[in-house]
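Following: one structure in structure tokens, then a few remarks.
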Amino acid sequence: MEQVNELKEKGNKALSAGNIDDALQCYSEAIKLDPQNHVLYSNRSAAYAKKGDYQKAYEDGCKTVDLKPDWGKGYSRKAAALEFLNRFEEAKQTYEEGLKHEANNPQLKEGLQNMEARLAERKFMNPFNMPNLYQKLESDPRTKTLLADPTYRELIEQLRNKPSDLGTKLQDPRIMTTLSVLLGVDLGSMDEEEEVATPPPPPPPKKETKPEPMEEDLPENKKQALREKELGNEAYKKKDFDTALKHYDKAKDLDPTNMTYITNQAAVYFEKGDYGQCRELCEKAIEVGRENREDYRQIAKAYARIGNSYFKEEKYKDAIHFYNKSLAEHRTPDVLKKCQQAEKILKEQERLAYINPDLALEEKNKGNECFQKGDYPQAMKHYTEAIKRNPKDAKLYSNRAACYTKLLEFQLALKDCEECIQLEPTFIKGYTRKAAALEAMKDYTKAMDVYQKALDLDSNCKEAADGYQRCVMAQYNRHDSPEDVKRRAMADPEVQQIMSDPAMRLILEQMQKDPQALSEHLKNPVIAQKIQKLMDVGLIAIR
């Protein structure tokens, strides 16, 4: 086991120094000695990814997940490899699977957000550039009539030449119709799972269903039941709940197969604040509805009302359960929004209930012990648990940042340092650990800035002074060739993602041909951020 740890540490140092082949050899030798060690496969996956051998990185990521299915890092490795292989949908699914095991893993959360953004970009690539554009518009009756309007043609040409204007034109119903034709989808139904309600699409052609019976076709008992229901509705609107209940009760007796009269009674008890009786009636209504093959939308309403009753009582777990039952019957934006609201409240309640500074201290001490032994993955787990128990303790983020740095996860180390500094701006370790991570990434300019901030707080801080001096010397002795700059930059996953984005490649080519285009692109904050990143790593320069 000692030999395995030595090989692993040797591999980590080689990978940090950019000696990828040496790192791969060390990890492979360690795996031969300990083939069930998931951390070794995870590290080798990272090395293969840096080398550009994404298929092998993916295979090692899969092996990591197989050996340790509850470890978020394994899913992160596997998903990252899938990203590089341009298998975005699979990458998204892998991030989602990882979050089932580690719901608060920041790397998985960020990865999932990036994948959703990438998939959204793919989904809405400029369709106005297709070669047979007008032929397609002519062949569809929805757009054929629009082509007679010169302003419509002008609009199409504008979007063809400047697709960035599409976002400002989506309010125009002609554009939504055009997109439906060009993309071959009904955009009215695409947002079914969005939180916010959207205007419903045009009704589809009616199916051959039995027509709703008119009152004159109904049996006498059903007619009387409807009249009682109307009287009940009038009383309900006037807040005369006792009278409303009497009429709904008569309607139910006249037509016992109709669940609506029972759900109306439940609505009255809901307004009266008798939530137990409301739920009992809703359950009874669902039973009657099932027996008589009632419309699933009515069943969904009954479940939603049960959910609302629990929400009123602040029993959010029960509310979520019944909201989901309602959504399984029939999905509506209002119920979805209410369910998400309950989930958000419950999550916050659970987070606050979990806070315990004494247990946080215990976990911190366990983390310190593991860190001293060199078991950084286990130390990180203890620090993460400590943070959940006491999220306002800046030192915990600093300790976890030290773990991330040891595990070569410099971006995550930087995030924890930022959180540490935000919580306690005068805590020196937050600055020195952030600077150390930047130094390890060979970003000497930024590292010097952070070391200087530490010295501003404490001019006698030897760690900051030594670090600053190291960065000055490293910067002075640096004679990187363009190839070295590119190799180091491409080892950064964020840079890899930017450079593999077809849209960004197009923008960079356009900037080379037409430098004036830069100012236009910089108006988009997302693109500006990506360009700034490429400038920071030295891949591009603007004069």
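Cβ coordinates come from backbone N, Cα and C, glycine included.
Checking the ranges 150-167, 222-239, 366-383, 474-491 against Swiss-Prot, the motif 'Bipartite nuclear localization signal' annotation falls on 222-239. In three-state terms derived from DSSP, LYS301 (N6-acetyllysine) belongs to a helical segment.
Taking H, G and I as helix, E and B as strand and the rest as coil, DSSP gives the repeat 'TPR 4' (225-258) the counts 27 helix, 0 strand, 7 coil. Counted within 10 Å of its Cβ, the other Cβ atoms near LYS344 (N6-acetyllysine) come to 11, all protein chains included. The most crowded of the modified residues listed here (LYS8, LYS312, LYS325, LYS446) is LYS8, judged by how many other CB atoms sit within 10 Å of its own CB. Per DSSP, the secondary structure of the repeat 'TPR 9' (428-461) breaks down as 27 helix, 0 strand, 7 coil.
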